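Let me begin by presenting the structure, written as structure tokens, before commenting on it.
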Amino acid sequence: MKDSRGKRRCLAFLKGLRLKTDPNLPGAKQKTPFNISRFWLLVIIVIYTATSACIYFDWSAIRNLLLTVGKYKHLNVGDYPDITLSPQYKRINSLYPITLAIHFTMSVFCGFLYDHIGPKFTAIIGQMCNIMSWVFLSIDSTTVDTTFLSFVFLGLGADTAFIPILTISNLYPDASTFILTVVGAAASLSYAVPATLNFICRRYPSTPFPYICYGYIFLILVPCLLVATFLLPLMPFKGLDYYIERDQSRRSGAEGDAHRGRRGDPKMVTSQTNDEVDVEMQPFENAQSEASKGRSGNGSNTPSTRGNTPNGGKQTRGKTTSESNRSSKGEGSAIQGVEEEDQATNSSKGVNEEDSDFHRKSISLFFKVLLSYPSICIIVYFILFNISTVFYGMVTDTYFSYDRSIINIINILMPISCIPCIIFGRFINRYGSAIIIILMNAFSALMHLTALIKHRAAGLVSAFLYMCVTSIYTSQIYCFIQNSFPSVVFGKLLGFASLCGGLFSLLCEKLYDQIVSKDGASIDPTNVVLLLVIAFILMFLPLTVLYFRKYERSIEDLHQEVAMSQSSGRA
């Protein structure tokens, strides 16, 4: 009896995880370039991402490729029994934190470009940087450090080509966070690119490395550039919060008109200009009940223009809000950004006026959001997470010097990390990303501790945890930001979080110097690992607060709430 009950509960849980998307939602019907269906656009973007995203995140494979083709070999003055102690190895390893720092520093500029000039031109800039990167890598020179220049451009192009495609998630408004992790899973597949090129170099040693580089440029990067040019929109697709705000504003306006009609009062009861912005960080737990009362309680009230003028139109002077419905206890959403949009016109004058106002408002809102608790907490977490992951990638050869086969297993696991990424994405779409962030915090500590145990079983556990951590490397941050903050500042906030993570990753080079003995004969990462583990343990407290205060909205619960409110409105 108990077994059958448990089985039914398990089946009910699995059925609850089944994802259904509604193609009739307003966001799903947005116009796409060449009217391509949202499904085929997603397929093309997945291929685009899998072949040209952050390929250097599997640093072990990149390092092996550079060693195979002899980059920096001229730095070695003799033979080294342990390659990890050679100047060539150290120089190649130093490229990782530098590239990551450039990558994430560029992210903040990419975020502004995404929000203000749109995904198309941002992605074009990114792919041009990627092409330049491989052009420089194909050049073998000892007078000019072309390898360093190559990784500079690789860092510049990584997020600049990747972040713009995240706008595809807005075409799936009831599954947006899951789509973000699907794209993140495709990025995990891109980890196979350096391993594949390394295999080609080893299999066909007579093939000059520049030929391989140009083959990658013309077969992969040029088609990706064409995708960015023709299939990405000029302005980001509008998010779910835009349509919720518009619908609730209209219903609130209709209710207000009816109320005034009964009282015979032709004037507005209350109005608020678009210049007044109130940003209030509060838990999301009461947002849905507020939404059902007619207030915009979707967790990010600012219209999801993501850089475009709201609805491309002109706002009316008397924009009403439902502030009167706010309870005295301060119930609210994660971000109370009071900005709304009304009737659209096609006049270019209206668009230009709104453009000017939008940029000023968006930047002002960004700085207010930046100082909120969830923003600070998630940025601090990402800094620690980034340092941990980069350091692990730099010392894999040291961790597993007793069994090199584990490193080969890591190279295999990295591309297939797309599988746990999709699984995590499904849970994020249903339960929010905060719980997954807490899980990744635990995994990050455990992967270092198990790596210190010189045993094959512990090493395999560490490799598996590393795969899980890297599978959702930045997707966890993307999803939290999308669920918790106004989508109008998505690019800027994401870019700033990446900037902080990237700059602090430069500490990894100093940490690596600390674990090398003074005579350069041995490497012991134990002290640094213990420091990282203590930091992760301390991080559990603010992350737990973040989870229980419910700063982020559940996409699926919100969609159900919207559907109910729309049906009641029609009734």
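Quick reminder: no glycine exception, Cβ is built from N, Cα and C everywhere.
What Swiss-Prot records for Asn35 (among others) is N-linked glycosylation site. Within 10 Å of the C-beta atom of Asn35 (N-linked glycosylation site) sit 6 other C-beta atoms, taking all shown protein chains into account.
If you look up Swiss-Prot, you'll see Asn298 (among others) marked as N-linked glycosylation site.
If you look up Swiss-Prot, you'll see Asn325 (among others) marked as N-linked glycosylation site, on the strength of sequence analysis.
Marked as N-linked glycosylation site by Swiss-Prot: Asn346 (among others).
The feature N-linked glycosylation site is assigned by Swiss-Prot to Asn386 (among others), with sequence analysis given as support. Note on Asn386 (N-linked glycosylation site): other Cβ atoms within 10 Å of its Cβ, all shown chains, come to 27.
Residues annotated as transmembrane segment in Swiss-Prot, with sequence analysis given as evidence: 39-59 (among others). Taking Cβ pairs closer than 8 Å, the transmembrane segment (39-59) reaches residues 32, 96, 99, 103, 127, 130, 151, 154, 158-159, 161-162, 165, 168, 171-172, 179, 182-183, 186-187, 189-195, 220-221, 224, 227-228, 231, 393-394, 410-411, 414-415, 470, 473 in its own chain, all 6 or more past its ends.
According to Swiss-Prot, the feature transmembrane segment maps to 94-114 (among others), an assignment based on sequence analysis. When Cβ-Cβ distances below 8 Å are used as the criterion, the transmembrane segment (94-114) is approached by residues 54, 56, 59, 62, 121-122, 125-126, 147-148, 151-152, 154-156, 158-160, 163-164, 236, 306-307, 386, 390, 393-394, 490-496, 498-503, 505-509 of the same chain, each at least six residues removed from its ends.
Here Swiss-Prot flags 117-137 (among others) as transmembrane segment.
What Swiss-Prot records for 148-168 (among others) is transmembrane segment.
Annotated transmembrane segment per Swiss-Prot: 177-197 (among others), in sequence order.
For 217-237 (among others), the entry in Swiss-Prot reads transmembrane segment.
Marked as transmembrane segment by Swiss-Prot: 365-385 (among others).
The transmembrane segment annotation in Swiss-Prot covers 405-425 (among others) and is backed by sequence analysis. Long-range contacts of the transmembrane segment (405-425) within the same chain: residues 57-58, 60-61, 64, 177-178, 180-182, 184-186, 188-189, 191-192, 195, 396-397, 436, 456, 459-460, 463-464, 466-468, 470-472, 475-476, 479, each at least 6 residues beyond the stretch ends and with a Cβ under 8 Å from a Cβ of the stretch.
With a threshold of 8 Å between CB atoms, the same-chain residues lying at least 6 positions outside the transmembrane segment (433-453) that come near it are 177, 378, 381, 384-385, 388-389, 392, 399-400, 424, 427, 459, 461-462, 465-466, 468-469, 472, 476, 479-480, 483, 525-526, 529, 532-533, 536-537, 539-540, 543-544, 546-547, 551-552. According to Swiss-Prot, the transmembrane segment annotation covers 433-453 (among others), on the basis of sequence analysis.
Per Swiss-Prot, transmembrane segment is recorded for 461-481 (among others), and the stated evidence type is sequence analysis.
Per Swiss-Prot, transmembrane segment is recorded for 488-508 (among others), and the stated evidence type is sequence analysis. Sequence-distant contacts of the transmembrane segment (488-508), counting only residues of its own chain at least 6 positions beyond either end whose CB sits under 8 Å from a CB of the stretch, comprise 96-98, 100-105, 107-115, 159, 163, 239, 302-307, 337, 339, 362-363, 365-366, 369-370, 375, 378-379, 382-383, 385-387, 390-391, 394, 474, 477-478, 481-482.
In this chain, the transmembrane segment (148-168) lies close to the transmembrane segment (217-237): three or more C-beta pairs between them fall below 8 angstroms, excluding pairs fewer than 6 positions apart. The two recorded residues, Asn35 (N-linked glycosylation site) and Asn386 (N-linked glycosylation site), show a Cα separation of 39 Å.
Residues of the same chain lying 6 or more positions beyond the ends of the transmembrane segment (117-137) and with a Cβ under 8 Å from any Cβ of it are 52, 110, 146-147, 149-154, 156-165, 167, 213-214, 216-217, 221-222, 224-225, 228-229, 232-236, 307-308. Remote same-chain residues near the transmembrane segment (177-197) are listed as 19, 42, 45-47, 49-58, 61-62, 64-65, 162, 165-166, 168-169, 171, 212, 216, 411, 414-419, 421-422, 424-426, 428-429, 433, 470-475, 478-479, 482-483, 555 (criterion: CB distance under 8 Å, separation of at least six residues from the stretch ends).
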